[in-house]
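Colleague: Take a look at this one; I'll ask things after.
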């Protein structure tokens, strides 16, 4: 394998892992960064691999929690509610994605839409943080979430179908807006990422498996490992961060990044293939 291609695959995996769980839109970062470094994968298999690497970072970080849930399923009330809440939160975006995913990609997957959603999302985060600073959150533990709370987070996740919104951003801010404490909303967003991303990965594999070749294995493994490691770092770092601080820095970053996308696009530095 060419060293430069390997390096680019490594960098793309790192970008996916670092941005997937932050409220800053991993999709926007992958497209912009891929254009800037000249990395153009021939098919979806590489993207599927790095997404899977990122989601497995959450499974690894919370392996004890998931193990307890699996062993307690059907017997333990907390485990049953946890799975029920994930299922409820999963459904809205899954249904809307199946119904309108093709149209969303056709009409909204462009620099202007992504940039606008990044900027609007940044201002939305500022508003939610200001609102929560004035009110005491009602729910401060994932195990205290009710099915109605999970449903509201699931409804918020529907907005993440629009490129540039950020899945983690929509679920975390949706949870906080509903009265869930910042760290609790963040953790539930991590947990919800597992069924959402596994389902999306399985769907993409069924659609694109025929494009897989043994020639791609090396790059796929490099991207997968990079996404797993960087995803693990991002999850740990974000949990520490939100234990003491708020999401306002990410809001400003989104606004600046959204404006930067427009500038890069208009100047011809990035394309949107």
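Along the chain as shown, the residues are counted starting at 1.
Just so it is clear, glycine is given a Cβ too, placed from its N, Cα and C backbone atoms.
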Colleague: Need the matching range: Swiss-Prot marks transmembrane segment on one of 145-165, 250-270, and I'd like to know which.
Modeller: 250-270
Colleague: At least three Cβ pairs under 8 Å linking the transmembrane segment (219-239) and the transmembrane segment (82-102), pairs spaced 6 or more in sequence?
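Modeller: When sequence-distant Cβ pairs are counted, the transmembrane segment (82-102) does not touch the transmembrane segment (219-239), since fewer than 3 lie under 8 Å.
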Colleague: Considering only Cβ pairs within less than 8 angstroms, which of the stretches 108-128, 186-206, 250-270 has the most against the transmembrane segment (82-102)?
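Modeller: By the under-8 Å Cβ criterion, the transmembrane segment (82-102) pairs most with 186-206.
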Colleague: Give residue numbers and ranges for long-range contacts of the transmembrane segment (108-128): same chain, 6 or more residues beyond its ends, CB-CB under 8 A.
Modeller: 23-25, 27-28, 31, 162-166, 169-170, 173, 176-177, 247-248, 250-255, 257-259, 261-262, 265, 270, 272
